[in-house]
Amino acid sequence: MPEMPEVETVRRTLIPLVKGKTIKKVTLWFPKIVSTDHDKFINELPGKKIIDIDRYAKFLLIRLTGNLTIVSHLRMEGKYHLTSVNAPKDKHDHVQFEFTDGTALRYNDVRKFGRMQLVLTGTERMTTGIGKLGYEPNSAEFTDDYFIDSLKRKKKNIKSTLLDQTIVAGLGNIYVDEVLWRTKIHPLSAASKISRKKVIELRKNINDIISLAIKMHGTTVHTYLDANGHSGGFQKELKVYGHAGEPCVVCGTTLKKIKVAGRGTTFCPHCQVIYK
DNA sequence: CTGAATGTTTTTAC
DNA sequence: AGTAAAAACATTCA
């Protein structure tokens, strides 16, 4: 489902639904979603209260009393929704957090790719793979110098580089295509060969597009919905993703779709320059 | 039937 | 050893 703007939208819509609620019981209908100890997940959560929800890149961090944090990654299709405890279970509801007030937070995921981990608050970077991530767009650490220097040492193409999360964390397939189109860089360009000037422009566009997408509550292109079941608004702003075969809005050239890093990649063969 | 779909992790291959 | 490409995960839809 989601890249950083969608996860941020989920975070914002989820907080008013669950903050302050106390967990009464946890049910794992599809236990594999939880990749830490299942008994601990079921036994340690009852009695704990949800204090807040944070986010790093595409990871949600559900903060609980008792110094506990549930690290939740929605991967491709994960969704949260609040129901009454006795509402019928959807075919793809996999985890339920039942609260003391009779409501329940359910995790629904058609493809079952999403994962949750229960960790001690403060240890997330050590225990969950968040430690391998690069900086977030719009963070103080994501500077021109850092970005220029990081791209210089990469040996692969720019699309794969932006997707792998180790330099910038939070972009996914949709926003990478959009950002590269806006910066007029061909997705197969060697990351290390892009000029300093273009890298600076690229960083600005990453920041701008992510900010705008968050403002518009994310992008719904497949099945993404926020915690209230609402779709995003940024799909109206997409210029290349999902528009293969249509004319480029800048030059009119037919947008082309290829495969890069195993992912569908749409770009304008005329506007986007290849650096190699 | 075949392939592709918002993503990460694991395996394989240099 | 470290990087990068490929496969795996599971389901639905065109």
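Residue numbers in this text run from 1 along the chain shown.
Glycine too: its Cβ is placed from the backbone N, Cα and C atoms.
Keep in mind that TrEMBL annotations are predicted by a computer and have not been checked by a curator.
Between the candidates A:ARG111, A:ARG115, TrEMBL assigns the DNA site shared with A:HIS92, A:LYS154 to A:ARG111. Comparing the Cα of A:ARG111 (DNA binding site) with the Cα of every entry in A:PRO2, A:LYS58, A:ARG263, these being the active-site residues, the smallest distance points to A:PRO2. Using a 10 Å Cα-Cα cut-off from A:PRO2 (active site, schiff-base intermediate with DNA), the recorded positions that qualify among A:LYS58, A:HIS92, A:ARG263 are A:LYS58. Per-residue pLDDT, averaged across the domain 'Formamidopyrimidine-DNA glycosylase catalytic' (A:2-114), gives 97. Counting residues 6+ beyond its ends, the domain 'FPG-type' (A:239-273) has Cβ neighbours under 8 Å at 157, 159-160, 163, 173-174, 177-178, 180-182, 184-189, 221 in the same chain. The DSSP breakdown of the domain 'Formamidopyrimidine-DNA glycosylase catalytic' (A:2-114), given as helix, strand and coil counts, is 25 helix, 49 strand, 39 coil.
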